[in-house]
Amino acid sequence: MALCLVLAFQWGGNQYVWSNWRVILLLALAGVLLVSFLSIEHWAGDGSLVPLKMLRQRMIVCASLITFCNFAHLFLLAYYLPFYFQAACGASTIASGVMYLPTAISLGIASMAGGQITKTLDYYNMTLMLGSILMTVGAGLITTFTPATTPKSWISYQVIYGFGIGLTFQPLFVGVQTVLHDSIVPRALVMSSFAQMFGGIVILSVAQNVFLSRLAENLVNRAPQMDSAATLSKGALGIVGAFPERYREQVLISYNGSLVQVFYIALGLTCVVAVSSLGMEWKSVKVRKDDGEDEEENSDGPQNIAGEESNEDREVEDADGKAEQ
């Protein structure tokens, strides 16, 4: 199913028109496979890989949707931000990867700090909302990138975005384990993992379709005398230099505008995460731990009382025996 969707999104609008039979066949086949999968899961009942009744739980649906969108916009920006650095800043392939480090480093730091922040705030929802707000702001700032954006700006924007998405990782899995019963936690985590991989795969094909179609359209409008198909094959680093000097500024603006359209997709996905975080059930992360301690105390209480009563009985029997003697 995922393969059919990826091919359809890659071919549609670029290699073939959307009305082409190949694209329609792939989309139809993806729909048939999805219906078949859901039918098999329904027929298997509780023994299925993903019981359909789990989709009735708000927590599972919101967690899967957040995971899907989180990894979708993360993969999208990780793939296309280096394109911006290569085209707009003239960076090499290696240098563009180094310029992406503000996102990667801030994400790693926030991921490690997310668990401690959740423990301090007592509610995983608060950390999740804080992270979703920060990454939405960061993604919105990234859509303002232009060829004139200074290093100070694109570094700080990446830090805001990376720190925000990093804060959403730990609270999400903590919330699933806190709210759901232990018997369904493994399957809920499986659904989240599937959404994670599916989101990253599908969104890249969608973004590529948007980027190439917009770039080809912009190049035709700004430099109609150039062969846009041959120019696109030169890659991000060589596309500007492939044009004569008098056209390079217009080409650079076209390329940047196409990238911004892709960045808008990432912004929309972060907004979905922010809204979905409101649907997560509010529950303290300490509730389950406290309940477990109470159960242990209750289970130990009767045994201790019984033990004390038996000791008292022995003392009484010993005293009666001595009196008889």
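For all residues, glycine too, the Cβ spot is worked out from N, Cα and C.
Source: prediction; values computed, not measured.
Annotated in TrEMBL:
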- 309-318: compositional bias 'Acidic residues' (COMPBIAS)
- 286-325: region 'Disordered' (REGION)
- 20-40: transmembrane segment (TRANSMEM)
- 60-81: transmembrane segment (TRANSMEM)
- 93-114: transmembrane segment (TRANSMEM)
- 126-148: transmembrane segment (TRANSMEM)
- 154-176: transmembrane segment (TRANSMEM)
- 188-211: transmembrane segment (TRANSMEM)
- 262-280: transmembrane segment (TRANSMEM)
Taking the transmembrane segment (126-148) as reference, the highest number of CB pairs under 8 angstroms among 93-114, 154-176, 188-211 goes to 154-176
Which of 93-114, 154-176, 188-211, 262-280 shares the most C-beta pairs under 8 angstroms with the transmembrane segment (60-81)?
188-211
By a Cβ-Cβ criterion of under 8 Å, what residues six or more beyond either terminus of the transmembrane segment (262-280) are in contact with it?
58-59, 61-63, 65-66, 69-70, 72-73, 76-77, 80, 124-125, 128-129, 132-133, 135-136, 139-140, 142-143, 145, 168, 175, 179, 203, 206-207, 210-211
